[in-house]
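Undergrad: Quick one: the structure is below, questions incoming.
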């Protein structure tokens, strides 16, 4: 049962805690399985062309909400109000829908809430959106993208404090607007709690957010990356002395050609000795915004690219795939036999293809990523090649090393010493 898979795991000691990470194929993977990806991409590109000027003038997060696939359960307030949030080490704010949230044009509970099993639906969606039979799925009376989500009610929390600041975050597929509040943050049903946590209470979310059942986002990046430079929850846990060691570790399970909902494990306060090798290679960060470092080279088969200055790369849990410069993605796809399918914005590859590893050179060492990490299920037919062309420039890094790389190497985030540890998955 999905709720059970997201439940807390008891481990090691009072100061080192481990939780399951939930996984659900991202929106593009699900649409491809339904044969609707090309139609969606066409509509999305038309929308983006109309919004191009607005996006150019905004501080848009580098990873879009629709690309996210990994999540954890958290709670806010006293007594606890529970939420399912995407984990995003490429941003630093925590936000959830507020009870006053009412925006967008999605008049139903969303296709995911209507088609998912009842118990899983209760985890992701409001109870009125869940049904034990697909035929009985309800249509909400109000056209509202917020209504299928869990929403925070400050009047029910005895520890809530107002903040007064407002926020506005622009994603490719819509805006999130609201105000900041202050309350107690916890990982659901645990004692891992930070008091006085500043968090976003979204009063407006774009209609596209109704297509994803998760409630919001927990940012794992550095404070300097946050809107209004708010302190992220993990950094608050560290500063409040709630962690044995200043680490959080992300282990992502292999998903390969078959999808699953147990996505991995999230460990706070120490190392993950269950899933990760005890030998950790520490990589210095080049900036304390993203978890960003120098990537010296990449190779696969006969292809090799080692620019003199290397590239700036960031580890990011949010992007389901790996973002890289267009020329690199095209060359890697050719090397492994992946084909770009016009209209879908994606590369496809035979699920049973025997292909060489993709090898990254980082801090003088090489890291092999096997095909089981970058050949992912996309429903009936061929699999997806888990790379995409990253066009962001300026402030943003050239590479976003997302979950495919994390499925081969656990990522140990050292919040005190400004470094990233890489440890081979057991």
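Cβ coordinates are placed from backbone N, Cα and C, and glycine is handled just like the others.
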Undergrad: Under TrEMBL, which of the candidate ranges 2-29, 30-57 is annotated coiled coil?
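TA: Residues 30-57 are the ones TrEMBL records as coiled coil.
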Undergrad: What is the interatomic distance between the Cα atoms of residue 88 (active site) and residue 316 (active site), given in whole Å?
TA: 7
Undergrad: Ten-angstrom check, please: count other Cβ atoms within 10 Å of the Cβ of residue 88 (active site), all chains counted.
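TA: Excluding its own Cβ, residue 88 (active site) sees 23 Cβ atoms within 10 Å.
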Undergrad: State the count of C-beta atoms found within 10 angstroms of the C-beta of residue 316 (active site), not counting that atom itself.
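TA: Cβ-Cβ neighbours of residue 316 (active site) within 10 Å number 30.
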Undergrad: Averaged over the whole of the coiled coil (30-57), what is the pLDDT?
TA: 54
